[in-house]
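Report on one structure; see the data block that follows.
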2 protein chains.
Amino acid sequence: MEWIKDGNLDFLKKRKVEAREDAQKSVAEIMNRVKSGGDEALKAFTKQFDGIALEAIQVTEDQMTAAAARVPKPVLQAIKQAARNIRAFHEKQIPQSWTETVDQGVVLGQKVTPLDSVGVYVPGGTACYPSSVLMGAIPALVAGVKRVVLVSPPQKNGLIADGVLAAAHEIGIHEIYQVGGAQAIAALAYGTESIRSVNKIVGPGNLYVMLAKKYVFGDVAIDSLAGPSEIAVVADDSANPSWVAADLLSQAEHDRLSMPVLVTDSEPFGRQVEQEVEKQLKELPREAIASESANKQGKIILTANLQQAADVINQIAPEHLELATREPKEVLKFVRNAGAIFLGKYSSEPVGDYFAGPNHIIPTNGSARYASPLGVESFIKRSSIIEYSDEALQANGQAIAAFARFEGLEGHARAVEKRMKGAVIHE
Amino acid sequence: MEWIKDGNLDFLKKRKVEAREDAQKSVAEIMNRVKSGGDEALKAFTKQFDGIALEAIQVTEDQMTAAAARVPKPVLQAIKQAARNIRAFHEKQIPQSWTETVDQGVVLGQKVTPLDSVGVYVPGGTACYPSSVLMGAIPALVAGVKRVVLVSPPQKNGLIADGVLAAAHEIGIHEIYQVGGAQAIAALAYGTESIRSVNKIVGPGNLYVMLAKKYVFGDVAIDSLAGPSEIAVVADDSANPSWVAADLLSQAEHDRLSMPVLVTDSEPFGRQVEQEVEKQLKELPREAIASESANKQGKIILTANLQQAADVINQIAPEHLELATREPKEVLKFVRNAGAIFLGKYSSEPVGDYFAGPNHIIPTNGSARYASPLGVESFIKRSSIIEYSDEALQANGQAIAAFARFEGLEGHARAVEKRMKGAVIHE
């Protein structure tokens, strides 16, 4: 891990992953071919990229039940408990419709409606992430979305991973398609013979999935463009260096581009963590990935005090933030930019990745400056309600017409004036 | 206006404006030149596109005060009252932070934080839209955004329109740059010598502005990709055909591509509105624009009843919806997709465009299926809070580790197990 002792955070400027032009071109081509070719194009791309000759695109109920039966009991139990926790947390996020009489004859309000349909992308290939199913789909279900669709690429055996199907089965998702990559995003956005299009697509994926989501953005909604993820730990010398090192590595094992960052006011503590990282790395199954992440992206940032540490955090805007200090809430006060915040030394990041309830689909790559974790808000929309009585229109019509006319929009002024008594000017 | 009596809504499929490839290329070039050339590039593009040789990029306080003094008193009064109404409505939207003990030793919550900085794009050129200033900036100010920046292209006289500066002055915006087009979006996203970059860019603009917003999406946040706008009026024969026609035209006068739609269960009423539209059109200053919109985009859709009318509305997902029926709230029950909903015959659309309080920056082009009007939500973000005590970690650690291990993420499992008593496995 690289030490930074002079407050120079220039490394943040290099965080952005520039999409290569050739990747953008291939994605545009995939999108167009799925638009015109439908299911046939989906199957051709699945053969080409996943090496699988799909017979059916949709997963059957029998396949789901069989998959669930193959998942070990304790894991199924953990999935069930996690699903309960995630549902309970997201139920606290449901916004309410309201209307209010704000003035004589003036009623204003907001009507909250769930989206009609949503597609959840679950990464696949070599990995199996039932947690992504829970985190992507449960907030949509809690929001009241009627049609929640799952897509995930088939594994080498030609099926979506058991754990993914088991998690979907557990929470009552029945519409699942075994396609992945940019072609799955195209199908969700534009529809094919088998897959009806949806209003919004969420969930993380690889570079091609990300570029495909940017491509369809504006035709449908998307959650965000996921990039390399971060964990930042703010720790003082009261923290346990072995625990902190393990948490840094839990992020590092995700991806070579993941960035594990320790921000501390204690240089000796930083050195202990550094040694622990090196020690624990050697015993990790995913050592190759984790060590590249730790060595190339990892940072230990030394600050004069913990308030300065919070300033550093606000510039990093990390996806995950652990506050492993004596008084974590004192540091929390100064934190503005972070996706998920873990308070105190027992709140290890994986607690949130799987289990606690808050979402693990969190803004990455510094976008916690302006974005929120996935949640019920991601799956509802608000309509404004405006109701003026005759009386209210008479009282305010002149001001409205004057404003409209000043903007050169005579038609707007007249629409109001037509309703005004004794002032029917333009008929 | 075109009559549709058979329920065929295929015209909706043609709504999408395909971005021409040459426009995308010019935008990419503009973005790159501003990234590398900074202020000089901004000035060169302003000369090229707006015909103005800028001396200074930033507007001075003196220029703002002078502009405000040139705006007629009744208009200033209307701006002030509108600003008060808009502020009052958006103050009802402020979400609150919360934490809650959900279980023994488990505290979860959400911390709400305003964005640090926001740029509001205000269209200019031949138009002057102080209302866009109010609607774009007030929700950001209410959210608590510290730095709210305005950009708008200079008019032919080399200055931003008086009304725009007056509205900004009224609500306390002091950082204003006289640049527009894609180059202004580039400056806001990537920064120049004069303009520091912002976290989010909002506000409508022309095709180039829209393409530029799509380009920067992912580097910064944007509100939405604005396209041609719609008004849909659901009316029965209790409505006033002259008023309904005037409201349809108030949308039509915006843009040749605007779509005014009447949905009614009464053919005679539809014919009356049609005649009124033709009559009123002839007397409109913006007749050329409004008649192209009404003739080429306008529709009168006849339905068997008002519930069917609501189904049609849900497919259109209009930006603006007026319910001018005997029982508007009965129709409202069935409406799922609409940006702003105006109830009853006195609630003319311009009431909301300028004055009532809800935002007039509303999802266009059918995106009300999945998006909301601009609001305080657009300018805040949520951070999840997770706090597990020692006790909570001990109680749940095993399940979390089992889940992580099942996903093949051993490092995640170990981070949790290191904290478990009597189960320190991997040290």
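Every residue gets a Cβ built from N, Cα and C, even glycine.
Those TrEMBL annotations? Automatic predictions, nothing curated.
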Per TrEMBL, A:Gln251, A:His254, A:His412 bind Zn(2+); matching candidate in A:Asp162, A:Asp219, A:Asp311, A:Asp353: A:Asp353
Of all listed recorded positions, namely A:Asn206, A:Ser229, A:Glu319, A:Glu407, A:His412, those lying near chain B with CB under 8 A: A:Glu407, A:His412
Nearest recorded site to A:His320 (active site, proton acceptor) by CA-CA distance, among binding-site residues A:Gln251, A:His254, A:Glu407: A:Gln251
Spatial neighbour of A:Gln251 (substrate binding site) that is closest, considering only the recorded positions A:Tyr121, A:Gln183, A:Asn206, A:Glu319 and their CA atoms: A:Glu319
Shell list (NAD(+); ref centroid = CB of A:Tyr121, A:Gln183, A:Asn206; cutoff 8 A): A:Pro123, A:Val151, A:Pro153, A:Gly180, A:Gly181, A:Ala182, A:Ala184, A:Ile185, A:Gly205, A:Tyr208, A:Val209, A:Ala212
Surrounding CB atoms that lie within 10 Å of the CB of A:His320 (active site, proton acceptor), all protein chains: 28
Least Cβ-crowded entry, counting other Cβ within 10 Å, from the recorded positions listed as A:Glu319, A:Asp353, A:Glu407: A:Glu407
A:Gln183 (NAD(+) binding site) and A:His412 (substrate binding site), distance between Cα atoms, whole Å: 45
